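Visitor: Under the heading domain 'N-acetyltransferase', Swiss-Prot lists 12-167. Swiss-Prot lists E35 with the feature site 'Plays an important role in substrate specificity', giving similarity to another entry as the kind of evidence. The annotation substrate binding site is assigned in Swiss-Prot to Y37, Y154. What Swiss-Prot records for H88, E127 is Zn(2+) binding site. Sequence annotations record features per position, and here Swiss-Prot assigns acetyl-CoA binding site to I92, A93, V94, R100, L101, G102, I103, G104, T105, N132, Y139, K140, K141.
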Amino acid sequence: MEFAEAKKGKEYRIRNARLTDVDQIIKINRLALPENYPYYFFVEHLKEYEAAFFVAEVDGEVVGYIMPRIEWGFSNLKQLPTLVKKGHVVSIAVLEQYRRLGIGTALLQASMKAMKEVYNAEEVYLEVRVSNSPAINLYKKLGFKEVKVLRHYYADGEDAYLMAAPL
């Protein structure tokens, strides 16, 4: 899957991630987020969930990514305890100078589409810092709802919202 879009004079392209992208994905992860993962973690997720793992390119340079996983678990959306197949956005990041161009939205939409169409997931969820208003607003725009607060979720003690959306 691949598509290009332009906003504010910048054209970007969304495509499936490749193993050759992992070094740049790790660089983006380190620059953009306090939650960092080892090399093998990215490689394993890419190998296992390749169809829903996307990167964004500007002028041939990877500037953002979304790393998912697919799992079985209790629904975050249904009232009764129901076992469902769901997508989990493990990590999503865009380099600071490329934010507010729609790249995060495009990455999420591409991954969510693959979660549903390729992996037959019924819903998607993620964790987000309660202080990360831009991300929370983006997720709400895409249909996510705050399900619950995860107290002291992050290593620095900050709480997270668990947010979920139907696919």
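FYI, residue positions are counted from 1 along the chain as it appears here.
Each Cβ is built from the backbone N, Cα and C atoms, and glycine gets one as well.
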Visitor: Between I92 (acetyl-CoA binding site) and Y154 (substrate binding site), find the distance joining the two CA atoms and give it rounded to the nearest Å.
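Guide: Just about 16 Å between their Cα atoms.
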Visitor: Between Y37 (substrate binding site) and L101 (acetyl-CoA binding site), how far is it from one CA atom to the other, in Å?
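Guide: With the alpha carbons as reference points, the distance is 26 Å.
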Visitor: What whole-number value in Å do you get for the largest C-alpha pair distance within I92, A93, V94, R100, L101, G102, I103, G104, T105, N132, Y139, K140, K141, the residues recorded as binding acetyl-CoA?
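Guide: Greatest Cα separation within the listed binding residues comes to 18 Å.
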Visitor: If you count other CB atoms within 10 A of each CB, which of H88, K141 wins among these binding-site residues?
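Guide: Top count of Cβ atoms within 10 Å goes to H88.
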Visitor: Return only the integer: C-alpha distance in Å from V94 (acetyl-CoA binding site) to H88 (Zn(2+) binding site).
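Guide: Computed Cα spacing between V94 (acetyl-CoA binding site) and H88 (Zn(2+) binding site) is 18 Å.
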Visitor: In Å, rounded, how far does the Cα of T105 (acetyl-CoA binding site) sit from the Cα of H88 (Zn(2+) binding site)?
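Guide: A Cα-Cα distance of 16 Å.
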